[in-house]
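Notes to accompany the following structure.
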Amino acid sequence: MTVETQPQFHVLAVDDSVLDRKLIERLLKTSSYQVTTVDSGTKALEFLGIQDENSENAASVSPHHQEVEVNLIITDYCMPGITGYDLLKKVKESSSLRDIPVVIMSSENIPSRISRCMEEGADEFFLKPVQLSDVSRLKPHILKKSVKCQDENQNQNKSVTTISSPTNNVSGNKRKATDDGICSERIRTRYSAGPVTIV
Amino acid sequence: MNIQDLQNLQLIQIASERIRNVERPRSVSSVSPFINNNSTILSSCGVLCLNPTQESINQEGNTQREKAMDVNMLQRTYSDLLTSLFREGILNQQFTELQQLQDENNPGFVYEVVSLFFEDAGRLINELISNFNQQAVDYKKIDAYVHQLKGSSASIGAEKIRSVCQTFREYYDKNDIQGCYNCIQPLNQEFVTFKSKLEALFTLEQQIVAAGGSIPMMRH
């Protein structure tokens, strides 16, 4: 059994598709990340310790600190309930969580969507299907945030944001470029076994 | 199913029968040689040495040689099938990405993911078909299903299915109902084809492994 000389970084992956969850989990674990997957933005917020006021399980606000440190959040954009964009906003509004880098994944290449996410503070925007080459770009964002930055002006240290494009996306998506943030109505039967998978 | 599929299936059947009929060698020596009358030398580690009785060598040799040939044939059939799937555009590069994520620690990864897709896509297509048969068709709902199917098929590299989904959504954007409707049957057909070919691929994998061989890696 090899001894880990470096601490493993922990990524929270959010996607309502069980297939995509399996894929992102494998991609991340292959890249030596510890992974937690959840199937909704609501569950992601619960895991992070923020209570979502729109949550179906409207219990009293939990004051506990998240027990496991999360080094990066990677989330699908289009999800039933709260979208990846909503999740991004909530994370950036939280004083305890705003420094966690957030990456958005989407199957649709809509420029206005991408710029909205970047403006809201997303560190990367990946086009699906996500590949190993995309995952290899996560480390700098995690390391950047974990280093105590002496410089007050964060903008100087912000890396140039790039948008990845999968090589097999042959024909460009000619759908309407307008995107007011509303995903097409998602009707998905939840048949995944457990809500949270910590591996 | 086309002629090639039938031939592939027949080959699989012949191969599996031969494997069943082959006697297991009683002892396994790491340095045993197998020489047949045609001077073909087969050895698990490339070393040649001599056994006392020629007859026992030939018998053992034929058994082991047959087995090795069966594995080779299975491997060739597998490679041919996989190559044809890419050439026909049924699979794309994303499938190769999945294969690269599979290793000795996660030997069943591709199988698991594709199985998830079979379930997911099968369910979605059934929903599509039943929704189209309604009196009042809810096209928004149908588009949502197709969106999901497009995402899943893209995730595993099912190129033709993904492509039909994209065509459907282009018709939807133009409010072309007939165009949308015309996509449903091809979608179902592509799924049926995809499923049967991938199932054949996985069956070959199982047989190769059962026969002691390794799965050939595609080179791109």
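Keep in mind that glycine also has a Cβ here, set from the backbone N, Cα and C atoms.
Just so you know, TrEMBL annotations are computer predictions that nobody has curated.
Not measured: the values here are computed from a predicted model.
Per TrEMBL, compositional bias 'Polar residues' is recorded for A:152-172. What TrEMBL lists as domain 'Response regulatory' is A:10-143. Among the features that TrEMBL reports, 4-aspartylphosphate is placed at A:ASP76. The region 'Disordered' annotation in TrEMBL covers A:149-179.
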Residue counts (helix, strand, coil, in that order) that DSSP gives for the domain 'Response regulatory' (A:10-143): 49 helix, 24 strand, 61 coil
Nonlocal neighbours by CB distance (under 8 Å) for A:ASP76 (4-aspartylphosphate), same chain, sequence gap 6 or more: A:VAL14, A:ASP15, A:ASP16, A:SER17, A:ASP20, A:GLY84, A:ILE104, A:MET105, A:SER106, A:LYS128
Across the domain 'Response regulatory' (A:10-143), average pLDDT on the 0 to 100 scale: 90
